[in-house]
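S.K.: I have a structure here, written as structure tokens, and I will follow up with some questions on it.
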Amino acid sequence: MKTSGIPQMFHSAHNTTIQGGIFAAVGGDMTIHNTHRADRPGLRLLLANITQGAFHDAAERGDPPKCRPHTREAILAEIMEWIKDPEERRRFVIWLYGPAGSGKTAICQSIAEICEREGLLAASFFFGRLAAGRDSTSFIIATLAYQLSRSIPEIEDPLITAIEKDPTIFSRTLATQMRILIVEPLMLIHSTNHPRLVVIDGVDECGPNDMAHKELLNVLGNASLGPSSLSIPFSLSLLRESGTHPAT
């Protein structure tokens with residue numbers, strides 16, 4: 001019985017422990033490729049600065065509110081048309097308004113789920129006033145950047161490299177984090193065949209005062225509407241908030 005290539009590679013080895021890695025035996029020579037992104041310090045730093053509970057499908061959120069079948073069909077259809085048809089978009093941000101309990105979070109959740117099924121969702125962040133990590137803007141940029149690197153794999157390496165170049169990036173302003181972690185990595189890709197929607201819900205719940213809201217909205221607005229917006233897939237953002245507009 002023939003033995004497989006991998007056992008032959010270690011025929012005379014004793015007491016050997018192997019952790020991870022990709023191995024390939026070529027002819028009589030052995031070539032070992034050990035590429036482990038999980039071992040990169042930049043990725044470990046990124047994971048330490050995200051809020052997984054803010055994802056639209058996070059277990060922490062339990063069974064989040066969403067639109068029941070055959071409800072709010074008109075507004076969902078209008079938003080989906082805006083997402084899919086560039087001719088429908090005069091601007092790159094859509095805002096949902098309404099009093100508490102009017103269903104804004106349910107609409108955001110439903111749109112996120114629909115777009116995920118259709119391969120259109122790039123990232124999401126659902127704020128929560130009483131949820132640690134979701135009650136401030138501290139982790140939003142890193143969390144969005146991580147999800148973008150999952151949905152657009154081409155930016156993962158430049159993102160991780162940027163973090164390794166400046167490990168203190170997570171203590172910088174939101175504007176600096178946005179530029180280093182999201183805008184600049186996205187500017188390096190050329191394909192437009194990728195998810196294009198970022199859903200952000202509950203901006204009015206990201207802190208006790210309007211200053212945090214305004215800072216975040218200005219950062220998102222500048223990234224979405226600035227001169228480089230055509231190169232930024234995240235430029236389509238669906239948010240709900242109570243009344244503060246970003247700078248345009």
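Numbers run from 1 along the shown chain.
Backbone N, Cα and C atoms are what each Cβ position is placed from, and that goes for glycine too.
Reproduced below are the annotations present in TrEMBL:
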- 78-222: domain 'Nephrocystin 3-like N-terminal' (DOMAIN)
S.K.: Helix, strand, coil residue numbers for the domain 'Nephrocystin 3-like N-terminal' (78-222) per DSSP?
M.R.: 82 helix, 15 strand, 48 coil
S.K.: When the pLDDT values for the domain 'Nephrocystin 3-like N-terminal' (78-222) are averaged, what is the result?
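M.R.: Residues in the domain 'Nephrocystin 3-like N-terminal' (78-222) carry a mean pLDDT of 87 in this prediction.
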